Amino acid sequence: MFEKSTWIRLPRSVVVGHGVLDRTAEAVEELYLDGRPLIVTSPTPEELAVDRLREQFVSAGFDPAVAVVEEASFDAVERVIETAERETAGFLVGFGGGKPIDIAKMAADERNCGFISVPTAASHDGIVSGRGSVPEGDTRHSVAAHPPLAVIADTELIANSPWRLTTAGCADIISNYTAVKDWQLAHRLKNVEYSEYAGALSQMTAEMLVDNSASIKRGLEESAWIVVKALVSSGVAMSIAGSSRPASGAEHLISHQLDRIAPETALHGHQVGVASIVTEYLHSGEGGDWRRVRDALASIDAPTTAAELGIDGERFIEATTSAHEIRDRYTILGDGIEREAAIEAAATTGVL
């Protein structure tokens with residue numbers, strides 16, 4: 001008897017384009033959310049445009065409150081929850097980069113209230129996914145949460161954000177290329193459930209960014225448009241899968257281990273991008289697509305070597321050989337790879 005079922009949670013509205021920040025209140029009204037909005041932001045976006053966001057909520061008849069978070073931590077999540085309760089917030093709006101969006105997402109999930117994602121940078125696919133990422137000590141935790149009810153991504157704001165944040169978002173998407181290969185491998189060898197739809201969507205998204213990498217240039221709003229659409233597609237793939245598998249494989253394990261070994265040295269997206277060069281080589285060997293991955297990263301000014309990440313070769317090899325210990329997720333790293341194999345892969349691909 002067939003008993004399989006699934007529950008896919010997706011954003012109800014995705015608004016992307018020039019000046020769409022001014023349509024945030026309109027998007028919220030279409031969701032019929034009740035109560036007071038709590039805008040969760042960090043110091044930089046607060047200086048940039050939070051007044052603009054607050055004023056349109058006021059014009060629409062809302063009484064918004066604002067919470068500014070200084071760091072990403074579980075304590076920050078708890079403080080936002082306390083603020084939301086004190087301000088009797090009906091829904092939360094994450095406004096800024098990955099930090100306020102992840103914190104607002106997790107706080108809204110804990111309070112079982114609505115969450116709206118309003119990114120001002122395209123640094124990773126957390127702007128639309130059902131995962132929150134929070135560091136604790138030398139470990140970064142990925143926590144399940146409901147995805148946003150709406151995503152409002154103003155390409156004008158995003159195009160004016162620091163270029164390295166955009167290149168990190170691009171690299172995060174390009175790394176989906178090897179994440180899907182790891183997922184397929186785990187399906188074949190460990191009988192891990194695999195979604196053809198989610199896998200194909202994630203793979204297509206990575207391919208689209210690789211194919212268009214030459215068009216992604218600093219200061220071009222069209223580049224922000226391409227990257228945001230890719231980040232949305234990646235987040236949707238994870239929601240369909242009910243897992244981060246479509247966008248997180250061995251390259252993410254290596255990145256998480258780098259967070260432990262060399263904390264706050266490089267951006268997450270840049271780390272997974274460099275790691276994906278190595279993991280593609282491990283998957284496919286000398287004749288594989290690692291050069292294509294590397295060249296796509298280079299064309300958008302993203303790092304392609306450990307040195308460009310600011311990480312010495314010894315630490316990168318240590319992260320690669322111990323990354324399998326991070327979590328119980330089968331990848332091309334298996335139960336760990338030998339030091340000599342890691343050095344050979346990193347040296348052949350030019351990562352070292």
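Glycine is no exception: its Cβ is also placed from the backbone N, Cα and C atoms.
Swiss-Prot names HIS252, HIS268 for binding Zn(2+). Of ASP125, ASP154, ASP172, ASP335, the residue it gives for the same site is ASP172. Cβ atoms within 8 Å of the centroid of the Cβ atoms of ASP172, HIS252, HIS268 (the Zn(2+) site) belong to the same-chain residues HIS124, ALA171, SER175, ALA247, SER248, GLU251, SER255, GLY269, GLN271, VAL272, site residues excluded.
When the CA atoms are compared, no binding-site residues among the candidates GLY98, PRO100, ASP102, ALA121, SER123, ASP125 lie within 10 A of HIS252 (Zn(2+) binding site).
Of all Cβ atoms in the protein chains displayed, 31 besides its own lie within 10 Å of the Cβ of PRO100 (NAD(+) binding site). Look at ALA121 (NAD(+) binding site): DSSP puts it in coil. Look at the Cβ of each of the binding-site residues HIS252, HIS256, HIS268 and count the other Cβ atoms within 10 Å; the largest number goes with HIS252.
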